[in-house]
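Copied over from TrEMBL:
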type	residues	note
ACT_SITE	Lys253	active site, proton acceptor
COMPBIAS	145-154	compositional bias 'Low complexity'
DOMAIN	27-296	domain 'Ribosomal RNA methyltransferase FtsJ'
REGION	127-154	region 'Disordered'
Amino acid sequence: SSSSSTRWKARQTNDAYAREARVAGLKSRAAFKLLEIHSKYRIFRRGDTVVDLGFAPGSWSQVAVSKTNPGGRVVGIDVIPAQPPPGANALQGNFLSMEMRDRLREFVGDQDQGRVGTRGGILQRQVNDSIKQDELTGEAETQEEQPAANEAAVAGVPAEDEILERHPDHEELAEQVSDEENGRVVNVVLSDMSEPWPLLTSTRIKSVNIPYLRMMNTSGMAFRDHAGSMDLCMAALEFCYTTLATNGHFLTKFYMGAEDQIFEKRLRRLFHKVHRIKPDSSRKESKEAYFLALRRKVDVSREAVLGD
Ligand SMILES: C[S@@+](CC[C@H](N)C(=O)[O-])C[C@H]1O[C@@H](n2cnc3c(N)ncnc32)[C@H](O)[C@@H]1O
């Protein structure tokens, strides 16, 4: 049928993205979604602090490192154990737990923690007492030995040479002070989190798993994906409310469904501009899309953004 041939073509396009990702030295084709979005909206600047929620296997972090260095820092979190790419740091845990979010807030709250390739090329990294060394799987140590690795974090991804150094004016300096005093130290929050599919790891009972997996790919599971994704989005928005600096940005994946407009309204209260994005590199047939929320406002109450 024509729809199956459309699907076939879409898959071919996606395969081309996968090939291109391998050629560019990126960990997965997911990177192209982010590169596409960045080339249009310029979400990263040098020196930015970026938090990458659900970072594994790490291609978004790779892009973030390449776009924010020198002087930037990238901190990822994932529920599965995964090594962050060079120049990035990682915590392992479930972001839905408030305790984990607090740990992450604490980590980014210390401006020197996890930062590599500062302007003088000096590494500054201190591990806070409350976060044990073994929970940080960051590659900062390797960076210290090989400072040149910063520039080459993502082979094939052009450096951000065209972006000029910024000189903040008085108003911006005042904003910066107020942001830092209030723990708003993150410039960009990324979330590519999606609900893990629980039975994927068990291959024991094939007769149960195969129909189950088939069902996962039908619209019958769309509600489950959507509801789970709204929970993840809300947790990410709560994190944005407490940690994003004035004019910071938030990019989040979501699965389309009944509640996404309510979530979009919350975003509109906290950010000046909100876009709904379906990147070319995302599978056409999926219900997956992204919200890009630009320029965080500060004079908004927590209740207005996160309340019922
Ligand atoms: C689509 S992948 C992310 C791909 C990544 N952006 C990249 O470019 O490599 C989604 C990730 O979100 C993680 N994840 C899902 N729910 C999570 C949660 N509650 N807390 C932390 N990580 C979560 C999954 O373990 C998975 O690794």
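These residue numbers are counts, starting from 1, taken along the chain as shown.
From the backbone N, Cα and C atoms, a Cβ is placed for every residue, glycine too.
All annotation found in TrEMBL is predicted automatically rather than curated by experts.
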Note down the number of other Cβ atoms within 10 Å of the Cβ of Lys253 (active site, proton acceptor), including every protein chain shown. 23
So what's the mean pLDDT when you look at the domain 'Ribosomal RNA methyltransferase FtsJ' (27-296)? 78
